Structure formats: structure tokens, C-alpha cells
């Protein structure tokens, strides 16, 4: 069983992340983790914070000589902005009257669309600072770091992940577009919006520019793809063991994500049953699905075809044209507190989504194939695939574009 936990606040000294249950012997590069943290800052429409906020990564435990030790892995991501926030975020009691007037001011105008108001109600806070510090998407840096470790484990088993942007606001890639493969990650990361279709990307950029000019924000949709999965991860026997259930929960746990689809998702509901499912045919390489409308899962289990899961991100709630709210200190009408933010963070959400999918898949692989060291799940996976009767063997191939 793989377990993970993060701690820390947006403007605190550091984020802390712990991953427990990873087998020993997994090659883990600190530069590889740093590379994924850098990818989290990618994307057209990001705010100024991405330019001056650095992720200072340190490994505190669980890795020696570049290999996992089988013990809990502890990562720390230092905040270069911490010196400016030492007093405001002090762990020791301070005289509130001595705090700087800007950063130290009480946040009594909760922002619509954020956790501010409900968090204040739930935890009995008089202002929103304690809420927004933890609810901030800054926390996703810790999960991206953990996801990079999980990805290293999956890479050792031939499982590769990537994400791409399929919609920004009303601009969406055409149906039946080609899917990017593992060899296209560098190309995706070089695109302003991490979109695989250049023409659509150009229209997305124009949409972001228009939103910026209008003082507004945009949401969108990202899709995560996993190649090389074996059939049988997850289970149909209980609701909480279904792979798609676990994936959906992990993705919905990302800040600002409001919906998740597996495969063709809600589009499937518009079709008749005769054209909604992936038909099976026998080929020289085994049983093959003629399409991948289901997105690589059936009955809560991986099918061995490409896993496709998408997540919809709402427009960023911190809008330059401040939304209406109530000042809870006075009870009067007010404009919501505005902090520097992005116009669009959808491409970055794809990198976070990759991390969450990697963690869920790594957990599912360990659940299925076990192993205290990396060699064990490798051997168990090979034995499992070899034991599938030839009459039941699948080719692992399908046509993911044949979903319309």
C-alpha cells in the first residue's frame, strides 16, 4: 500500500511531503523531481509569482545513492519568499499590531469561489489567512514532487504517463485528434499551453490574451494518458477498489478541479449502446479492442489499452475585476480581496494531474504485484502476464481516436 501526505502553507518556510510504501531499489533522481517541479510552472497566462518563487528541493530521507531504501521518503520544498513572511506566518505568538500593514492585514473579505468563507465558518477563524494559506494551489508542488517519485517506479515497469491540454475556455481540440505519445512530452512542454494541436494552441493563446485584456480568468480541461499498463489493475469487487473511482477521487482533490471523465465520459451518455462500447476482435496479436471509448478501464479495472482520464478546471476565482463579497468584520458590502494570480493555470494543472495519476497507478501496481524491492513487482508482473491463457490474451492495442 502506498500512502502519501503533505504539510505546509503557501507562504510558510517550506512544504513537506512523505511517501510510504515504495519498494526499495527504485532509481530516483533529484534532478528528475526538480524537472517536474519546473514543469508545474509552465503555461501561457501564469502570474508573476511563478517568476520569482523558486522550489528549493531537499531529500530528507528514504533515498540513498540515488535509490529508494524501502523506508518512507521525505521531501522538503523550501520557499524563497519566506524571509518576507517570517512575522506574518510565525509559529510563535506575535503582537498583531506589529505586523506589516499589507501582508499582515486581516483578510475579512472572503473571495467567492475560494475556501475562505466556509473555512472560516468550519474552523472558527475571524479572517481568512489561515484558510487560504493551506487551501492554496502552492500545496500541489509537494504532490508533484511525490508524483515524480511514483513515476520513477512506474517507469521501471514500462508504464509511462503524460498530460496535454484539450480545452481552454470555449476553445477545444477537434474530436478524433491524434493523441500524444510518451515521445512527445518535450514538444508538449514547449507549447505555450501544452496542447498537441498547433492550430488549436494558437486559438487558445488568443483566448487567454482576450481574458487578460478583459481583466478576467479562464479554466479548461486537461487529459492524462498512461501507456503500458497491464490489464487487471483495480477490481470490480468493491466500489473503493475500482481504478476509475480512485483516479476520479485523486483528480477531484486537486485545487479548482470541478469534474473528471474517464475515456469519452459524458459524451458516451449521448450515444446509443450499439456505438458506445469498444468491440472485441481476434487478431494475430490477441484480442483487440476496435476503439478506446472506455478510456482504458472496464468494470473498474485497467484493460491494458491506453488509459485516458481528463479533469476540468474552473476559471481561477481570484479575478482582477474583484467580485462582490461581504466584509465579515463590518457586515457591509465589499469587493473581494485580490492577490496576484494567474489568468490561466490549466497547463500546470495537467502536470499536477499527472502526479496524482502516477500515485494512484503506483499504489494499484503495488497492490496487485507487491514487492519490498523493485525486482519483485517486475517478476510478478511478468509472471502474471505469462499466465494469462492465450485465449484471453489481449494485444494492448486499440485505436484511441476511434471514439466518435
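Keep in mind that glycine also has a Cβ here, set from the backbone N, Cα and C atoms.
TrEMBL lists 40, 46 with the feature NADP(+) binding site. Taking a C-beta cut-off of under 8 angstroms and a sequence separation of 6 or more, residue 46 (NADP(+) binding site) has the following same-chain neighbours: 342, 343, 344, 345, 348.
Annotated FMN binding site per TrEMBL: 134, 135, 136, 255, 256, 299, 314, 315, 316, 317, 318, 340, in sequence order. The Cβ of residue 134 (FMN binding site) lies under 8 Å from the Cβ of 9, 10, each on the same chain and at least six residues away in sequence.
For the binding-site residues 136, 318, the largest tally of other C-beta atoms within 10 A is found at 318. Taking a C-beta cut-off of under 8 Å and a sequence gap of six or more, residue 40 (NADP(+) binding site) has these contacts in its own chain: 140, 141, 144, 348, 351, 352.
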